[in-house]
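Shown next, in structure tokens, is the structure this report addresses.
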Amino acid sequence: MNKKKRVLTGDRPTGKLHLGHWVGSIKNRLDLQNNPAYDCFFIIADLHTLTTRVRKEQVVDVDNHIYEVLADWLSVGIDPNKSSIYLQSAIPEIYELHLLFSMLISVNRIMGIPSLKEMAKNASIEEGGLSLGLMGYPVLQSADILLAKAQLVPVGKDNEAHIELTRDIARNFNRLYGEIFPEPETLQGELTSLVGIDGQGKMSKSANNAIYLSDDDATIEDKVRRMYTDPNRIHASTPGRVEGNPLFIYHDIFNPNKEEVEEFKTRYRQGCIKDVEIKTRLAEELIRFLQPFREKRAELLAHPKILQEALQKGTENMCALAKETMEEVHNTLELSRKWRSRLSL
């Protein structure tokens, strides 16, 4: 019988999750979780949060954000009985493996990763102000992946370079000390991102262009009403552009009535329909889609013990796996092995 392939993915706890997370990662995670060929590990990467959020009030907020992420995950169907959900900072071995891996990769190699500068820009970090922690973010990510001996990592195109770095680190370690780590492969879903409601790049909290999984009906209606469409379409009788229009991107994803969507597109191109009619239907479909998630989320937040137990169970699973991996690393590396055995600590 073939052994299950181990999958690792997760989120930084920076707040509530939004439709961009659903489209870019969560839907794919559910498919993987419910496929018997995969063994899924989902990491709440709180240490990664510190790479761009180091102020005291930001660090204090992480605790609450962990509850937010947990509630969102479980409300959409992530199942702690099928997958291991764990807290990154609760795994001591991650710190050690991160340090060891940092000896195996050059600064030039790290600085060649395109997304690093983008992260600094999004965090309003000026050039030259990059912290050692942020610069080492991709190495910490490699430690997450290889500590779990993950074989598959679902990522967007902007993170493919991170996985290539992880493969480089695995190859370097295996060549120098012995074969321990698999070289993980990337796994991409049909869609890796969702344009924000302002039409200016992908949906994100920092851009203030997100519809959250927990938004109430009135908030959804308001955000859809303000959604960016074709700027050249001043009147309903003006033929509009469908391609690249956020309004139709969302309809294609969230409106199950494909005949209706195609009719909207035809009438829009002909200048025979008002934006408000299309937006009203989109709001209705988003409300229908998100309502069960929102209700389940509220129930979970009202019973935090369920969230705690889910995280406890998964973190214990990851702790056991981490200990096994690091025992292999210590035996292979033979770092001060004789002295370590003599010390009674």
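Backbone N, Cα and C define each Cβ position, glycine as well.
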Candidates LEU30, LEU194, LEU213, the one Swiss-Prot lists with ARG12, PRO13, THR14, GLY20, HIS21, GLY156, LYS157, ASP158, LYS202, MET203, SER204, LYS205, SER206 as binding ATP: LEU194
DSSP-assigned states of the motif ''HIGH' region' (13-21) in counts, ordered helix, strand, coil: 3 helix, 1 strand, 5 coil
Per-region confidence, the motif ''KMSKS' region' (202-206) (mean pLDDT, whole number): 90
Pairwise CA distance, THR14 (ATP binding site) versus ASP144 (L-tryptophan binding site), rounded so that it is a whole Å: 18
